[in-house]
Amino acid sequence: MSSRVCPQRPVAKSSGDAKVLLIVSTYKPRAAVLAADVVNFLSIRGFQCHTIEYDGLNKESCARAGYMFAVSIGGDGTTLFAARCASPSGIPILAINLGRFGFIAPIEPRYWQQALSDYLAGGVRPAERALISCTVTRAGKEIASCLALNDVVLSSGRVARLTRAEVCFNDISFGVYEADGIILATPTGSTAYSAACGGPILDPDLDAFVLTPISALCLSNRPVVVPSSGVVRIKVLSMRHKETVLSVDGHELCTLQEEDQLLASRSSCSARLVFCTPHVFYHALCSKLAWSGSIFSRRGRRHDD
């Protein structure tokens, strides 16, 4: 399942050897002050805190095993970065939201002490979210690899230029896509760029990915939901402008050439996100995307008026 709940042991008070990783946004005005408060809160309880500053441009490196958990302080972008850093080592992530949406950063700043206390007491279990494992090959050699919690996007590097690519799933060709780009999104990422391009929103518990074309030239190229147990292969075809970009969770990974191939499948590791329950997910859909039903109910009028 994409959002499996993991067993949780009481963390309790540390003897001083336990380490906590803080990943702190440098472009959120309140982040530094809040981070200092979190460090003080944890230090009193015997934890050693190590901090990584995230400026939106960092290239992630895998956090070493040994951290009991990580605290992300920023928005969804900071949480995405934290997931790519912490997930290979199985480190749970508590994400405090200082951004606008907070789909995967569910802890509001005014509740951070209660959230940490509940987690340390063992009252909250992290849920596993699926990650995409992606490799890029050129002439049979791997030139890049990545993990993505939201999505991987193949797109033209220029405005108003089409990308041509053949899309296959488990070696079954879906045909050639001529579009502004192609998105492969996880259930977590289905609420982001894919949704903006007309893709469906997937429940986090679904073992599936969604392939969504961006402004496809052929109207029959529609979003397709595929099981995450398979392998998606995208081959870059000849194009006039000679420039196709691969982005991961909103950050450019590399520039692709003709005949380059992208292979994507579900990663063997998952993002362990604390407080990202199904209830929180659906509440976020209603509140963050302003789902409020009838326009009459929003105005406080009866449906039969």
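Going from the start of the chain as shown, residues are counted 1 onward.
Glycine is no exception: its Cβ is also placed from the backbone N, Cα and C atoms.
Binding of NAD(+) is attributed by Swiss-Prot to Asp76, Gly77, Asn150, Asp151, Arg161, and within the candidate set Asp171, Asp180 the record adds Asp180 to that site. Reported as a whole number, the C-alpha separation between Arg161 (NAD(+) binding site) and Asp76 (active site, proton acceptor) equals 29 Å. The record assigns Asp76, Gly77, Asn150, Asp151, Arg161, Asp180 to the NAD(+) binding site, and the maximum Cα to Cα distance across that set is 29 Å.
When secondary structure is read from DSSP and collapsed to three states, Arg161 (NAD(+) binding site) falls in the coil class. For Asp180 (NAD(+) binding site), applying a Cβ distance below 8 Å and a minimum sequence separation of six or more within one chain yields Ser155, Ser156, Leu162, Thr163, Ile214, Ser215. When the recorded positions Asp76, Gly77, Asp151, Arg161 are compared by the number of other C-beta atoms lying within 10 angstroms of their own C-beta, Arg161 comes out lowest.
The Cβ neighbour count for Asn150 (NAD(+) binding site), using a 10 Å radius and every protein chain shown, is 28.
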